[in-house]
C-alpha cells in the first residue's frame, strides 16, 4: 500500500487496509509516545495553541465549580438510599480515593502539561490502544455525567421557582422506562454552555469564578441552616419504623456502594488536569489547583451530607433532588436551595464540558479519531470543533435518558480510568522504554490487582464470620507483602523533576486497591454496559483508529517537521 495514500480514500483502499489489520495492530496498539512528542509534534496538530492564561486560583475555582455541582446535587440522593446516614463516610472514602488518584494525575500533568489528561498519560506508558480505550471511556463518562447533571438542573430549577419539573417534561408513551421523558430545559442549558466554552477559556474562568462564589454562599447557608434546625436522631432513626435503623442501616457494603456512586462527584478534578496546557506555571499551579480543590470539596461534601441527614431521615430523601426535599418544610428555604443548586450545576457543567472538549481535542491529535476534532480556533484559542460536537451529543443524551440510567454507566467508567492512571504512574516511575525490563513492574501490577480483586470478591460473597475475617486479613497481608518486596527489590528508573507522588509506590497502590474495591460495589448491569461499550470501542479501534494512526505515521503527520520544534518549545515555556 502506498505510504502516502489514505486507508479511507476509496472502498478498495479500505479493503486493503483491513487486510493489514494484524500487522498494523502489532505495530500501533502498543506503540508509546513520549512527553516531548506530546508537547511538541502531537500538540502541533492543532495548529493554533491554547493560550497559557490560568493560575492556581483559576484551577481551584474550576475544581470547586466542577465537583460541587455534580456531586452533592446529583449523586447524594441515590447514594443515601444505599448508605443511609453513613453517606457522610461514603463521601469521605470517595474523597480519599480521589485524592490518591489526584496525586497520580498531578505528577503527569506537571511533567507533561498538555490537554489530554488520562489519554496522554496512558499513551506514554501503555501505548495507543490502552490510551484509546481509556479516552473513549472518559469521553462517554463526561457525556453521560453532563447529561445527568443537566437533567438534575431541571429538578432544582423547578424547586427554585416552585413549579414541579414534571410539567416541563414531555412523556412519550411506548418508549422504555428511563428513556420516555423528554427534557427540553436540560437540552437548552447544555447548548448555551457549549456556546460559552467555545468563546474563551479565560472568560469561561471568570464566569465560573463568579458562579462558584455565589454557589459557595448557598453551600454555607445549607450547612449552617441544617446544623441549626436539624435533629441528630436522624443519624440513627429512620422515618419509617419498618426500615432499617442505625448509622449503618445497610452495613459496610452500603457505605462502599454509596462511595462508588458519589465517586462521580470527583470527576471534576480530572477536568482540571485537562487544562494543564493553559496553565502559566504548571509546576506550582497544578499541584495546588488539583489536590487543593479535592480536599476542599471533600470537606464541603461531608458537611452538606451531614446537614441533609440532620434535616430528614435517610429513607425519606428523594433520589433526584435530595436537598430540595430535605428543606421542603421551609418553603422559602427550599426555593433558595433550588436556586443555589442551579448555580452549582451550571458551574459543574461548564467545567466538565470544557474538560470533555479538551480530551477529544488531544485524542484527535493522535489521529485515532478524525483530526478535525484537534483543531483549535485561531480567534478564540479553544477546541471549537470538539466543543461543539460533544455539546450537541450531550444535549441529545440529556433529551431523553433518565438520571439513574446515566449514573450507573458513568461510575464504572470513572473508576476504571482512575485505576488505569494509578497503574500508569507506577509503570512510568519504574520503567524507561527501551532501557528497562518492564516484566518485574508488569508482574507486580498484575499480581497486586489480582490480590485486590480477590479481596473484593471475599468481601462481597463470603458469609460474614471468623473465616471471612481471616481470609480478608490474609489477602491484605499478601497485598502489603507484594508491595514491600517490589519496593525493596525494584529500583526506580525515573524520577520527576518538579513534582512527584510521595511515598512511591504506596500511594498509587492504595489508589489501585480502593478503585478495584469500589468497582466491586457496583451492580451487574453496570458491568454489562461497560463490557458492551468496551467491545464497541475495540471494534472502532480495529476498523478505524488503527488505520488512521497508521496513515498518519506513514505520511509523517505524527512527527514534527524541521524548523518547527524551536517555535513549539518557545510556546511551551512558562
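Here the Cβ of each residue, glycine as well, is placed from N, Cα and C on the backbone.
Because TrEMBL annotations are produced automatically, they should be read as predictions rather than curated entries.
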(request) With TrEMBL as the source, identify the stretch among 120-140, 141-161 annotated transmembrane segment. (result) 120-140
(message) I'm validating the feature mapping. Which of 361-380, 501-520 is tagged transmembrane segment in TrEMBL?
(response) 501-520
(message) Quick check on the annotations: TrEMBL lists transmembrane segment for one of 28-49, 468-489. Which range is it?
(response) 468-489
(request) Sort out for me which stretch, of 86-108, 181-199, 247-267, 332-355, 442-462, has the most Cβ pairs below 8 angstroms to the transmembrane segment (468-489). (result) 442-462
(message) For the transmembrane segment (332-355), I need the partner stretch with the highest count of C-beta pairs below 8 angstroms, choosing only from 86-108, 206-227, 288-312, 442-462, 526-544.
(response) 206-227
(request) Mind looking up the mean pLDDT for the domain 'Cationic amino acid transporter C-terminal' (499-549) in the predicted model? (result) 89
(request) Please give the sequence-distant neighbours of the transmembrane segment (206-227): residues at least 6 beyond its ends with Cβ less than 8 Å from one of its Cβ atoms. (result) 58, 61-62, 64-65, 68-69, 72, 196, 300, 303-304, 306-308, 310-311, 323, 326-327, 333, 336-337, 339-341, 343-344, 346-347, 350-351
(request) May I ask which of the stretches 86-108, 181-199, 288-312, 384-401 has the most CB pairs under 8 A with the transmembrane segment (247-267)? (result) 86-108
(request) Rank 86-108, 288-312, 384-401 by Cβ pairs under 8 Å to the transmembrane segment (181-199) and hand me the top one. (result) 384-401
(message) Please list the DSSP helix, strand and coil residue counts for the domain 'Cationic amino acid transporter C-terminal' (499-549).
(response) 40 helix, 0 strand, 11 coil
